[in-house]
């Protein structure tokens, strides 16, 4: 039986969030068209600055200026792939950390091949559900589009292997999130099923992961903090919301009101 990793300590999350609020990073988000507004609002609520620059020549230029880059392949096409490759090349040249969200990898051939081709481009972090992480690592998965039929703990060995092979911190998210650098693991519980009834919460989490990758220090802790921030605020929002329609504003309010001591 696969042993469950230790729970990520609240004190470490609080310290990371304190540092994040001091830094207020600029995040270049090449994300999918469905989730841009929620992604931008989540980053703004946390105190970060989002930008979505998609023209290939500008994407490269802006990635050199940003503190972190997000690559989300949810609405991938040839033009967007060109922008992503240009942004990644520029980010790597500038030493800017970039995060991959491999949306629906494993179910569709074009995006699967594209995402796998990016693994050699030194991502700082990879965030996906169990099916996406298993497929990206080369294992059989049972996802359907952006949904996962696999358990996050069952995907942890694949996440570890993916982390070792890519050099990235890998977050496999679900009812419990597991974060690994291939050698060390953290578990982050929390959140609520209501988060799965609103489009874009997972994609927004990937943007928050990218933002926390801009911080110095232990990247494993930084990515785990991103997961803890989102799960905690999801819980807080659910207490105030009557359903999906009222969840989103409550979630943004919870992110805006979040204090480091709330994560203790």
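For all residues, glycine too, the Cβ spot is worked out from N, Cα and C.
Under DSSP, residue 52 (substrate binding site) is assigned to coil, being neither helix nor strand in the three-state scheme. Feature annotation from Swiss-Prot assigns substrate binding site to 52, 200; the stated evidence is sequence analysis.
Remark: residue 173 (ATP binding site) has 127, 128, 129, 152, 202, 205, 227 as non-local neighbours, by Cβ distance under 8 Å and separation of at least 6 in sequence. For 127, 173, the entry in Swiss-Prot reads ATP binding site, with the evidence type sequence analysis.
A sphere of 10 angstroms centred on the C-beta of residue 127 (ATP binding site) encloses 32 other C-beta atoms.
The binding-site residues listed here are 52, 200; among them, 200 has the most other Cβ atoms within 10 Å of its own Cβ.
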